[in-house]
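These notes concern the structure reproduced below.
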Amino acid sequence: MPKNPSQYILALDLGTTGNRAILFNHQGEIAGQSYQELTQYYPHPGWLEHDAIEIWQDTCNIIKKVLKTTNIDITAIAAIGLTVQRETCLLWDKTTGKPLHNAIVWQDRRTSSLCHQLKTEGKSVEITQKTGLIIDPYFSATKLTWLLEWVKANNPSVALKNVLAGTIDAWILWNLTGGQVHATDHSNASRTMLMNLDTRSWDRDLMDLFGIPERIMPEIRPSLSYFGETDPQLFGAKIPITAIFGDQQAALFAHGCNRPGLLKCTYGTGSFLIIQAGTQVMRSHHQLLSTVAWSTENSAYYALEGAIFTSGAAIQWLRDGLKIINNAAETETLSRQVTDTKGVYFVPALSGLGAPHWDMNARGAFFGITGGVGREHLVRAVLEAIAYQVKEVVDAINLESTLKVAALKVDGGASQNDFLMQFQADALGVPIERPLILDATAQGAAFGAGLTVGFWDDYDSLIASRIIDKIFEPGEDREQVQANFIPWQRAVERAKNWVH
């Protein structure tokens, strides 16, 4: 019998393109869910913002909606687990509860010049040594610098003593607790470029370097711990919040990657590969990131990560930008209509290139277009590029580690695409394992929250109960797929350093 009499765990998965609430029962099954798409704001080329008020209002709405549609009372929820898009950050006024500017999203490149300046000043080695990260606009530090300077210039009446800073988890936690708790967890803090990976605390030297007062930053706590409880005025009850993860780390937790060498890839807006590295920080020699996987009151687990900025975002661009598809599912049908791309290669550098290149001046491109190329060839080239980017990172991981990648666990929206998953298996030459529940980020947050309050007793048995939907084995096209990787790499080299 479970120790906790409540019947459900509520997972909040606050992502880049939308926000989701999912209820999990004692069997680890989804009992209900609700979703709200999130507005994207592009004020200038290369800039991307979210309205933090919209994220908070959506969070309240999706919680109320999932409870209403399932006819479940709030008191039946044992705990809340929160997982969020990482690096996206904001400043807000604690006296008004209002953001001082839109949140700056992880894909935003507005701080490229500041990052370039830091590199020319020789700060790369120090920052990587302290944080495990590579100087890039992707991370929160330069975004917070920009926001503080913007507030000083445009809203000088705001007193710094009233300003709070944080990633999306800190903002939502602060609101859920009625402004009582200003905290984050180690997995999110490790993505700011401000947390020392060895001490797992804010690094004073880096705070000074980026001009960020430590007092405005949230307290860092273990991922699996008691963060506070919901303000009863919000939903009618006090519900404990007992796990916070960055979205990719939550997926790693859901896949049961709790031993060194276990690897997962989430195909979302970007693709994110994380390999569990154990309880010691593992330093990369191949442009991968060292990061916190998750932490408990007693220990911390680390990981190596390859962050790819554009995967699902490229499919969204085909739909909304080029308007050559009506929906994401169409990409599979179109790709199967042709046997190859007719020599077309796509470089998905719509927000620069992440791992293993880290080139903020790269730009997206199609190469090899001739008169006989149709939209199906372009669409197939985009899917192939998503898989080839993952291969680049897996190759880097294999160079890095004594633990060679023997299989890849996958999740996220694009992992529903059977063509892409088979192509991925052929490109890597290893099996691809797709679970029945693809919402691994929400599942990981739920597992963490439930284990913390004793809703579930044992992590291993929880993982063992997960159902595998399909395993994609490398097929007869494997040799051709791997041969085409070489000209694709040539295309990538041509797209790099495009903007001078």
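Note that Cβ sites are derived from N, Cα and C of the backbone, with glycine treated the same way.
Swiss-Prot has this to say about the protein:
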type	residues	note
BINDING	THR16, ARG20, THR269, GLY312, GLY413, ASN417	ADP binding site
BINDING	THR16, THR17, THR269, GLY312, GLN316, GLY413	ATP binding site
BINDING	THR16, ARG86, GLU87, TYR138, ASP247	sn-glycerol 3-phosphate binding site
BINDING	ARG86, GLU87, TYR138, ASP247, GLN248	glycerol binding site
Might you list, by sequence position, any residue in that chain lying six or more from ARG20 (ADP binding site) with a Cβ less than 8 Å away from its Cβ? LEU12, ASP13, LEU14, GLN33, SER34, TYR35, GLN36, ILE62, ASP439, ALA442
Determine, to the nearest whole angstrom, how far the Cα atom of THR269 (ADP binding site) is from the Cα atom of GLN248 (glycerol binding site). 12
Candidate nearest GLN248 (glycerol binding site) in space, where candidates are the binding-site residues THR17, ARG86, GLN316, ASN417 and distance is Cα-Cα: ARG86
Separation of alpha carbons, GLN316 (ATP binding site) and ARG86 (sn-glycerol 3-phosphate binding site) (Å): 20
Distance from THR16 (ADP binding site) back to TYR138 (sn-glycerol 3-phosphate binding site), taken between C-alpha atoms, in Å: 13
Counting distance between Cα atoms, which of the binding-site residues THR16, GLY312, ASN417 is nearest ASP247 (sn-glycerol 3-phosphate binding site)? THR16
Sn-glycerol 3-phosphate site residues THR16, ARG86, GLU87, TYR138, ASP247: biggest Cα-Cα distance, Å? 15
Tell me whether GLU87 (sn-glycerol 3-phosphate binding site) sits in a helix, a strand or coil according to DSSP. coil
Provide, as an integer number of angstrom, the distance between the C-alpha atoms of ASN417 (ADP binding site) and GLU87 (sn-glycerol 3-phosphate binding site). 27
DSSP three-state assignment (helix, strand or coil) for THR16 (ADP binding site): coil
The record lists ARG86, GLU87, TYR138, ASP247, GLN248 as binding glycerol. What's the largest Cα to Cα distance among them, in Å, rounded to a whole number? 15
At the Cα level, what's the spacing in Å between GLU87 (sn-glycerol 3-phosphate binding site) and THR16 (ADP binding site), rounded? 11
Quick note, THR16 (ADP binding site): same-chain residues at least 6 apart with CB under 8 Å of its CB -> LEU38, GLN85, THR88, VAL105, TRP106, GLN107, GLY268, THR269
I need the neighbours of the glycerol site defined by ARG86, GLU87, TYR138, ASP247, GLN248. Which other residues of that chain put their C-beta within 8 angstroms of the C-beta centroid, in sequence order? GLN85, THR88, TRP106, ARG191, GLY246, PHE272, ALA307
Number of other Cβ atoms within 10 Å of the Cβ of ARG86 (sn-glycerol 3-phosphate binding site) across all protein chains: 28
